[in-house]
Structures are given as structure tokens and as C-alpha cells.
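Trainee: According to TrEMBL, the protein has these features:
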TRANSMEM  37-56  transmembrane segment
DOMAIN    67-128  domain 'Homeobox'
DNA_BIND  69-129  DNA-binding region
DOMAIN    131-332  domain 'TLC'
TRANSMEM  140-160  transmembrane segment
TRANSMEM  210-229  transmembrane segment
TRANSMEM  264-284  transmembrane segment
TRANSMEM  304-324  transmembrane segment
REGION    345-393  region 'Disordered'
COMPBIAS  360-371  compositional bias 'Acidic residues'
Amino acid sequence: MFQTLYSYFWWERLWLPANLTWADLEDRDGRVYAKAADLYITLPLAFLFLVVRHLFETYVATPLAGLLNVKEKIRLKATPNPVLEKFYATTTKHPKQADVETLSKKSGCTVRQVERWFRRRRNQDRPSLLKKFREASWRFTFYLLAFIAGMAVIVDKPWFYDLREVWKGYPIQSMLPSQYWYYMIELSFYWSLLFSIASDVKRKDFKEQIIHHVATIILISFSWFANYIRAGTLIMALHDSSDYLLESAKMFNYAGWRNTCNNIFIVFAAVFIITRLVILPFWIMHCTVVYPLDLYPAFFGYYFFNFMMVVLQSLHIFWAYLIIRMAQKFITGKARGGWGACGAKGPDLDVVEDERSDREETDNSEEEEEEVVKNGPLSNGHPVLNNNHRKTD
């Protein structure tokens, strides 16, 4: 049965145009072609990326955070409470008002004490500022190096300037060593992102991120199998062109460099929209949808590749919508006070709210921190006053 499924999976009509077979893509006469077995190396490379990331975050990103004065915000911990903890872990982190009143009776706390406990407990689970900075530093470093490497791979190729050259002689197109390593490194990195996504900083678009990583892995792998390598290198370099700008903006965000972050964000928004909403659909996708039909009839691989491109483009439109909302608030000065797109804190700062961030709740936090300083430690969510009486709500 396994052999039957294997035969169906590698059926030539799924992957190659009519009248072509896998024998046509066997190495000969100095020509080297992509092979499915080449991609096995990406899994151990992905785990190597995780090791390198850990070393980078420990020995590079953490000292850099210290130099940039990245400071953790003081978080008040929730007082241990078995009743509230069980509800938090098994039911919901955001109880409704009726649940709050029920929990108040069960736990012996006031309604306000329960609300404050859940607010602090949620804040405890949120990633620290240092964790965010380290993650952004790692991604910034990779995306920047990948973009430089990608441009080095394609800038001297004729298909970089004339997209019709992408399909010249397809699929009998020899693979270059630079293309091989560019593919292996990019695919390995996205595998590593998928492996680490559960432990990385979670944002509101967590599900979309998973879809993006899976779609990217499938698209890169399929383009390798079907020898869509010229188109694949263009697409990967195009994506890397804006990602490092976003990660650098995040780094300056966490370091508190408000103006620098805002300026980089505007540049990022412009590059993202130009590359993902203009160049990708009107140049690259036009190249992958229209030009191949001049050479051969449409086949399954043609439809599948372009379907995955549509999935990615749909995600780009979703993210562009969020970016435009943020940019609009920034330009019109209608952003509300608080942590913005670049993390500026304070009601007098015209910054943009980060639509993707899971913001830390700060309701009454300033008041509570002042109480800690003035009145000493907290007990059950309330400060003990100097006259040994508890402050009531």
C-alpha cells in the first residue's frame, strides 16, 4: 500500500508538464537538477538553527539588550489562590462578570480582588520584554543576512530583470550551488520557526502565523520538487526585503527609542505594501500565472503552486490591513495613549497602537505600584497599611 501511495504521490503528471518525465531531470552533461532527497537535510539544519538561536540570544542578544538599556517592567504577582488558579487554568483567563461574582464567593475575595488577581495572573503569563527583544534580534539578524544573500544569488541573473527568463527552457533548468544553499537555509529556518512557534511570543495573529509558516514550507518544497527554483528565489528575496525592517523596529521599540522605531515602521510599511501588494501580485504572480501557459498546458503543479501563492497573498492583505490601520493612526495623530506600535508609553505621545500585540494590562497598575512603595508589601492583592489596617475596596 505504501508503494502505491508513493507512486501516486510522485506521478509525473502531478509535478511536471505533459510529455516530460523524471528521467528528463536526471543529472547529465554537467547539468544538476533539484531532487526531493535534497530536502532531507533541512530538518537537521532546522534543529541546528534552534541551537544557534539559543546561543545567539544568550551571548549576543542579551548583552545587546543590556547595552540598549532594555528594562523589564515591574509586575505585581497574583497571590496564590487555588480556586482562582483552577478556574484560570481550566476554564478561561478572562472571566465574565457573573463568573467573577461566583468566584468571589468561592474564594472569599471581593469582586475587585478577583478582577485584580486575574489581571495580574494574565500579566504573569505574558512574555517578558527581554524575551521579546531577544526574539526580534534573532529574526532581524537572519532576515537581514538572508535578504543580502538572496540578492547576491539573483541580482546577476537575467530573470531578475526580465521575468520571462524565469521560464526559458523550463523545466530543463540546471540548478546552481548558490540556489541550492539559499533554498536549504530558507526552508530550514521556516522549519525552525514552526518548531518553536509554541514557545515564541504569541500575538493576535498566532493562527495566521502558523498558516503562513506551513504555506511557506509547502511552497518552497513544491517549487523545489517541480524545479520552480528561479521563481522561488525571487519570491523568497521579495519576502525578506521587509521582514528585517519590522524586526529592527521591534528592537528599538523594546529599547525605548521611540522616534527611531516610528520612522523605521513607516519605512517598513511602505516597503511591505510595495513588495507584497504591488510587486508580488502584479509582477511575480503574473509571471507564475500567465507566462508558463505560453510554453505548456496547465497541469496540477501549475494550479497547486499558484493556489499556495494566493494563500500567501491573502495573508499579506490581512497584515497590510493591520499595517495601514496603524499607519493611519500614526499619520493622523489619532492614536490613543499607551504602548504604541513602537512602544511609546504616555498619553501625550502620538504613536500607533500595535494591532498584532497582546498588550500588557495596566489598569490601576500605576496606582498599585505607588501603594507598594508607600505602604509596603501586598497581602491578597491589597497593601497592608502602616497602621496595620487593610485598605478596603
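Note: Cβ is positioned from N, Cα and C throughout, glycine not excepted.
Automatic prediction, not curation, is the source of TrEMBL annotations.
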Trainee: Any chance the transmembrane segment (264-284) and the transmembrane segment (304-324) are in contact, meaning at least three CB pairs closer than 8 A with a sequence separation of 6+?
Mentor: yes
Trainee: Restricting to the same chain and to residues at least six past its boundaries, which positions have a Cβ under 8 Å from a Cβ of the transmembrane segment (37-56)?
Mentor: 137-138, 141, 180, 184-185, 187-189, 191-192, 195-196, 221, 224
Trainee: List, by number or range, the same-chain residues at least 6 past the transmembrane segment (140-160) whose CB is under 8 A from its CB atoms?
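Mentor: For the transmembrane segment (140-160), the far contacts come to 56, 166, 168, 176, 178-179, 182, 185-186, 189, 230, 233-234, 236-237, 240-241, 243-244, 247-248, 250-251.
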Trainee: State the mean pLDDT for the DNA-binding region (69-129).
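Mentor: PLDDT averaged over the stretch: 84.
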Trainee: Provide the three-state DSSP residue tally for the domain 'Homeobox' (67-128): helix first, then strand, then coil.
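Mentor: Summed by class, the stretch gives 36 helix, 0 strand, 26 coil.
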